[in-house]
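The next block holds one structure in the form of structure tokens; read it before the comments.
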Amino acid sequence: MGQLYQSLQVFGWYALWNPDKIVLVLILFGLYLLFMVGPLRPNLPFARAARPQEIIATAAALLLYYIVQGSPFYLMSHMIFSLHMTHMAILYLLIPPLLIIGIPGWAYAYVFRYRPLKRLVDALSYPLVAIFLFNGLFSLYHLPTVFDFLNTHRTFHTLYAILMFTAGWIMWWPILNPLPDRTEMSHLRKVTYIFANGILLTPACAFLFLSETPLYQTYYDHGLWTQMVGFCLPPGTRDTVDLTALSISQFNLMPPLDDQHLGGILMKIWQELIYAAFLILVLVRWFGETRKKDREIEQMVYAEAEKRLESERASQEKNVSLHGV
């Protein structure tokens, strides 16, 4: 790791830490506070201020975004395949649900006043569509020819990344939809949905782990590697580093095939951990709602029993008064 750290210094602090991304994250969080908590919040009866847990979820999403897209981790993920898979897990599996949780439901309702947009989201977030859309795009991305092409063509890579992020957001929407007028999935279906997502992602991870040869030339072919690393550098720094003079081995922690196998394992581990966390969230909510319904039934039974006792007591008092007469 020490050698890797020293090798990375050739890119300079600006390329490693991307201060423009820090500014972007701070601006986005500032706008979030202004519109969701502060004076720019819409003057609507239902536009409550964001709750503390929502603010924390949004802050966590933006911090994770900077880590995977702005810190040295971003550049390293284009040199070390196992870090690339961790990058994918955080960017497409963890950040979207945090943003859904972090933005109050009224804000989504306000945006979805535009009926065509609402109908489009409803169609794409239908569980079967959402689950196959995300997992299909994820699997397609990791086909060797597609992967190498996207990682050496900046425009196509950016467009596909936006598409993947949108698909990740849509994939989580059926479970975490905060709209007040939503048609909510049952908790049992949510549990099934999470398990199905885990199963559909497994073939791509197994494909990486079971391969007997390195699949992605961008991680071992020097010409393609320089193209991939080059488009990760901020515009002002690309001409300051002679990538052709760098050796891939300077930045590798292990042979390409071992790195690829580790990437497949890490992706599956990250996926299981993230899905398990949200599965626990679903189960806790399910248990809470069940307990609430049980208490309501108990209160109804208790109230009915009290009513009967009152009726019997009144009847007895009436009989006593009649006998007294």
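Glycine is treated like the rest: Cβ placed from N, Cα and C.
Automatic, uncurated: that is what TrEMBL annotation is.
Residues or ranges marked as transmembrane segment by TrEMBL: 22-40, 52-68, 88-111, 123-143, 158-179, 191-210, 269-288.
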Stretch with greatest number of CB pairs under 8 Å, the transmembrane segment (52-68) reference, 22-40, 88-111, 191-210, 269-288 candidates: 88-111
Folded-back contacts onto the transmembrane segment (191-210), same chain, C-beta under 8 angstroms, at least six residues removed: 85, 127, 131-132, 134-135, 138-139, 142, 171, 174-175, 185, 260-261, 263-265, 267-268, 271-272, 275, 278-279, 282-283
Contact call for the transmembrane segment (158-179) and the transmembrane segment (22-40): at least 3 Cβ pairs under 8 Å, seq gap 6+: no
